[in-house]
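Database features, via TrEMBL:
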- 6-29: transmembrane segment (TRANSMEM)
- 41-59: transmembrane segment (TRANSMEM)
- 65-89: transmembrane segment (TRANSMEM)
- 101-122: transmembrane segment (TRANSMEM)
- 128-149: transmembrane segment (TRANSMEM)
- 161-183: transmembrane segment (TRANSMEM)
- 189-210: transmembrane segment (TRANSMEM)
């Protein structure tokens, strides 16, 4: 591994760590309110599956240490998030749905991929190709999963449930790892991260468009409340005056 590739890989690791820790404010809010509210578990389920597969890819591919280390960290963080999501699920239905997704995707699907590539596929090159292709496909879904919140943002005109830092760091992460993939000539790493950079840019544009809507809505609500309080105070003052007369 040449020095330029190594440096970009280290930068990619740092940004990826920021991506993995960016949901911490969201989960701190969940813990404090003891409810997942309207947050969705799907992005975290997909991200856990994605990190497990890339960890496996990094351990299988020669010189894949930088890919393996950061995704190992990511797998630990996503597991913690999902445990908190299960503990503080807003209702039983959401808890059951999340548990089913984890069982089917993170345990079942990854187990099948691991078993098939370990026992049914011979030859390191073919094994790397199969794992890389699966990783590439799922990474596109992972990068696109926050787009599920975009529809809600557009209809509600509020960015409350589309975390800014997650979208921002996904954009940076996709760009850096796409650069790494180009230098390493790794198409399986390049295609999904290039796509992720593009989708992250879309999310940031949507956030910029609607970020002030929530402020305006709150201001409008505050004006109405102030007007109502003023009206009530006026009535109260008139009542006191009539009583003194």
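Note: Cβ is positioned from N, Cα and C throughout, glycine not excepted.
Taking Cβ pairs closer than 8 Å, the transmembrane segment (161-183) reaches residues 4-5, 8-9, 11-12, 15-16, 18-19, 22-23, 25-26, 38-39, 143, 146, 149-150, 152-153, 189-190, 193-201, 203-204, 206-207, 211 in its own chain, all 6 or more past its ends.
A Cβ distance under 8 Å defines the sequence-distant neighbours of the transmembrane segment (189-210), meaning residues of its chain 6+ beyond its ends; these are 67, 132, 135-137, 139-140, 142-144, 146-147, 150, 153-154, 157-159, 162, 164, 167-168, 170-175, 177-178, 180-182.
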